[in-house]
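In Swiss-Prot this protein carries:
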| type | residues | note |
| --- | --- | --- |
| BINDING | SER19, GLY20, GLY21, LEU22, ASP23, SER24 | ATP binding site |
Amino acid sequence: MIKEIISQYQNKSFLVAYSGGLDSTVLLYKLLEIKKKYYIKIRAIHINHNLTLLSKKWSEHCKKICNINHIPLIVENINIKNKTNNLEEKLRIKRYNIIYNHLFSDEILLTGHHINDQCETFFLSLKRGSGPTGLSSMSFETLFGTKKIVRPFLKKTKIELQTWAKKKKLHWIEDFSNLNIDYDRNFIRNEVIPILEKRWSYFLKNCFRTTIICQQETRLLNDFLRERIYKLIKFDDSLNIENFKNIKQAMCTALIRYWLLLKKIKMPSYKNIQCIYRQMIFSRIDSNPKIILGKHEVRRYKQSLHFIKTQPSLKNTLLFWHKNNIKLTLPNNLGYLIKNNNGTVLPGPKENELINIRFQYEGYVLILGRSKKRKIKKIWQEKNIPPWLRNQIPLLFYNNYFISAIGVFVVNIKNKNRTKCIISWQNDLKSTTNNFFSFY
């Protein structure tokens, strides 16, 4: 399998995730054998999780093996203070972030995952109630940001790797924390799978076959959905759900899942997807429901679903802008306001007026070009500003006089004895959601 990988990839530069255990040790030595016949570049990376007093000793073992074999080794340390909630997931995320930062653009990350690991992952997904995508578990090749992870041993059992390692008289680390069945993966590995294998000797390979079938069916489903989803995605990346009430629920939820898949986030649970379907499709047309997904939200506005990053409320924020300052930085990464010649023409402040920026206003407003005051909520609606953006737009005040929602509208005030000033709002918000803004 490794020879096939060497011939398949032109760059032939590999970074081995080297724990010092059986799997990664076999992987490292397999590559060394191939290096005798083919030109390849090998580096290794060892992550010390600092979970045991032996951690330092394991790092030294990895250094020794790599020094003997002239393999450049990177050693990094992880220290997690809170070792209670979801420790395995926290370590995995930190580990892969570190590895990604060390991975060269022309390198492929190789890991020693085998059939046993695949079966464990399958059972963990089963425990979570996953569908075909989750039950697909690991694939031979996975996109890793802009790079790749390849798992050459995914068809091999742990016994096969162990047999080869003993034959070659290799030395590897035995991590006895793997026997601690308080961790779900260890429980499956040590308590569940041995019983199943004892009953059915072919269980592991059939479990692996199931993951391959799930992968194939997931690819087919995604191909099917891809053709339909791009007809529903608008230019602002929102999802048009206007006709979802006339489509079967299974198709609707599949389209929602695929749309979220394109956002490159951790896939929401079945429960969350069903919640999005019920609340977004069947709530009142004038309501604006939201579902929170970690640091993001799914919101509905005018028969479209929007995926947005949750922003802290600016309701009580008040910023003072000194008249001598050309630029004012805004909170929440909203960019900055600047006095220049490319923005909105506004009435200037009087000598005794303080310039201040707020993000909340309630009441009636008379905007330029109109003859009657209207509730500001109605103006936001008219300008197609969705609710979650309304308290992110800088509102310009002179003392307590409302002057402008920068870049959206200007308030009609008496201009007597006022000079003119030009202010522009430089930010990513308008460029990514420019369909919501009408500029004067």
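Cβ coordinates come from backbone N, Cα and C, glycine included.
Here the structure is a predicted model, which means the values were calculated and not measured.
Sequence features, as recorded in Swiss-Prot, placed on the structure.
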{"residue": "SER19", "record": "ATP binding site", "contacts (Cβ under 8 Å, 6+ apart)": "HIS46, ILE47, TRP58, CYS62, ILE173, ASP175"}
{"residue": "GLY20", "record": "ATP binding site", "contacts (Cβ under 8 Å, 6+ apart)": "HIS46, TRP58, HIS61, CYS62, ILE65, TRP172, ILE173"}
{"residue": "GLY21", "record": "ATP binding site", "contacts (Cβ under 8 Å, 6+ apart)": "GLY112, TRP172, ILE173, GLU174, ASP175"}
{"residue": "LEU22", "record": "ATP binding site", "contacts (Cβ under 8 Å, 6+ apart)": "GLY112, LYS158, LEU161, GLN162, ALA165, TRP172"}
{"residue": "ASP23", "record": "ATP binding site", "contacts (Cβ under 8 Å, 6+ apart)": "THR111, GLY112, HIS113, HIS114, ASP117, PHE153, LYS158, LEU161"}
{"residue": "SER24", "record": "ATP binding site", "contacts (Cβ under 8 Å, 6+ apart)": "VAL16, ALA17, TYR18, THR111, GLY112"}
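Taking the centre of the Cβ atoms of SER19, GLY20, GLY21, LEU22, ASP23, SER24 as the ATP site, the nearby residues of that chain (Cβ within 8 Å, site residues left out) are TYR18, THR25, VAL26, GLY112, TRP172, ILE173. DSSP assigns LEU22 (ATP binding site) to a helical segment in the three-state reduction.
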